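What follows is a single structure, written as structure tokens, with notes after it.
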Amino acid sequence: MNAGPLPEHLRRVHMVGIGGAGMSGIARILLDRGAQVSGSDAKESRGVLALRARGALVNIGHDGDALDLLPGGPTVVVTTHAAIPKTNPELVEANRRGIPVLLRPVVLADLMAGYRTLMVTGTHGKTSTTSMLIVALQHCGYDPSFAVGGELNEAGTNAHHGSGDVFVAEADESDGSLLQYRPNLIIVTNIEADHLDHFGSVEAYSAVFDEFAETLGSEGVLVVCLDDPGAAALARRAHERGIRVRGYGSADQAEAGDVPVAGQLRDWQFKDTGATAQIQLAGESAPRTMRLSVPGRHMALNALAAVVTAAEIGAAVDDVLDGLAGFEGVRRRFELVGSVESVRVFDDYAHHPTEVRTVLQAVSGIVAQQGFGRSVVVFQPHLYSRTAAFATEFADALSIADLVFVLDVYGAREAPLPGVTGALIVEQIAGAPVHYLPDLSTVAQQVAAATAPGDLVITMGAGDVTLQGKEIVRALRARANDWPPPGNGR
């Protein structure tokens with residue numbers, strides 16, 4: 001299998017919100033496959049500049065006239081559910097002209113036609129797992145096409161039109177649109193309550209994963225993390241329905257019941273900001289060593305998913321492990337922003353309580369390994385609905401850190417809810433010193449003033465908290481000369 005000619009309806013495409021993580025990736029692939037692409041975004045960005053350099057015509061601001069950027073106008077207009085309201089002037093103009101408006105997942109599904117399609121979904125870990133699989137396959141000599149929700153540090157991009165017959169992509173479950181896809185293999189990392197503003201109940205949210213598993217053809221494979229209760233339950237249901245399931249995790253075959261275990265994580269240990277793990281693959285007599293440059297048990301599990309999947313499609317395991325050893329991570333996934341003396345500043349996209357807990361456990365492990373310093377988190381809640389629903393859980397997770405700074409809520413697409421601010425989380429944090437910083441202009445200075453040699457600082461959230469990392473590094477440099485030597489008095 002391989003991609004055929006670009007579908008006629010995708011020859012001239014206008015994309016509303018073209019600079020977003022998901023939309024920019026689609027634009028890159030369209031351009032690489034010969035499409036004419038125009039688009040609009042609210043502001044200039046690195047993504048917009050990169051697309052312009054590749055030939056896209058991009059308007060800053062939203063205006064119906066943007067549909068005239070391409071000679072003859074677009075054959076379709078592409079948008080997303082989450083970020084673009086139906087009242088957007090470009091969508092209104094497209095409807096007036098009778099130009100079809102397609103959602104991003106529909107276009108991605110069209111672009112994946114003809115490939116062996118490997119998709120990664122789950123509440124957490126999608127981007128990291130997808131990226132690990134891509135890097136592993138590239139190291140094995142594959143040239144997969146891919147579309148991922150973050151920028152791979154190795155490739156410097158979030159999408160690529162490859163020469164091979166494999167397409168690797170992230171399947172976002174947040175609005176149920178993943179049901180547009182018809183993959184050959186699905187990885188499910190975990191399933192727990194999220195996006196209840198769309199689904200209304202945990203049951204409805206979980207059901208979309210069952211429906212997605214049903215899209216696998218008779219030769220399809222479902223790769224599932226058995227350490228996660230929600231994903232393990234899905235694996236059992238799918239296995240009972242005759243879907244070919246391959247489990248991975250800490251469980252051995254006896255613990256997994258009837259679900260076949262393809263890969264077992266037997267042991268893992270921190271190694272600075274990386275890890276070394278022992279894994280046992282089905283059918284092999286001895287465990288293998290897996291080395292990673294990214295920290296945390298959750299990352300070891302994500303890497304194991306990539307190993308199991310790559311082996312499933314015929315990749316050599318030794319080459320897969322070599323590729324994973326060189327995996328440099330993904331932008332905004334435990335990304336090193338900078339270091340000043342012995343203080344390191346990282347940035348992470350974590351915006352759900354489980355993600356926050358998992359990342360902070362990894363941070364605490366790194367700090368404990370170095371023997372001095374503290375874990376310092378700067379957290380920005382994302383969405384009023386999520387903050388209201390999970391304030392207690394966020395507080396519990398943040399309490400893992402030694403020092404906590406909480407910013408106000410980044411509302412994104414939502415209007416404020418009465419009484420829902422960052423203070424709702426702050427008042428429930430116990431066991432760690434906590435500071436509420438609703439004024440973003442004061443964050444960098446206050447964090448730097450509270451930081452000491454050996455501390456590991458991490459900014460965390462899905463909003464503009466990511467901009468604070470560089471500001472904190474600058475503020476730390478301004479006061480570094482006043483610090484005592486690392487570990488002094490600690």
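Cβ coordinates are placed from backbone N, Cα and C, and glycine is handled just like the others.
What Swiss-Prot annotates here:
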type: BINDING; residues: G122, T123, H124, G125, K126, T127, S128; note: ATP binding site
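Distribution of Swiss-Prot features across the structure.
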{"residue": "G122", "record": "ATP binding site", "contacts (Cβ under 8 Å, 6+ apart)": "T129, E173, I187, V188, T189, N190, I191, C225, A231"}
{"residue": "H124", "record": "ATP binding site", "contacts (Cβ under 8 Å, 6+ apart)": "T189, N190, H298, H352, T354, E355, T358"}
{"residue": "G125", "record": "ATP binding site", "contacts (Cβ under 8 Å, 6+ apart)": "T189, N190, H298, L301, N302"}
{"residue": "K126", "record": "ATP binding site", "contacts (Cβ under 8 Å, 6+ apart)": "V120, G149, E170, A171, D172, T189"}
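Within 8 Å of the centroid defined by the CB atoms of G122, T123, H124, G125, K126, T127, S128, the record's ATP site, lie the Cβ atoms of V120, T129, T189, N190, N302, excluding the listed residues themselves. For S128 (ATP binding site), the Cβ neighbour count at a 10 Å cut-off comes to 30, with all displayed protein chains included.
Counted within 10 Å of its Cβ, the other Cβ atoms near T123 (ATP binding site) come to 24, all protein chains included. DSSP classifies G125 (ATP binding site) as coil under the three-state reduction.
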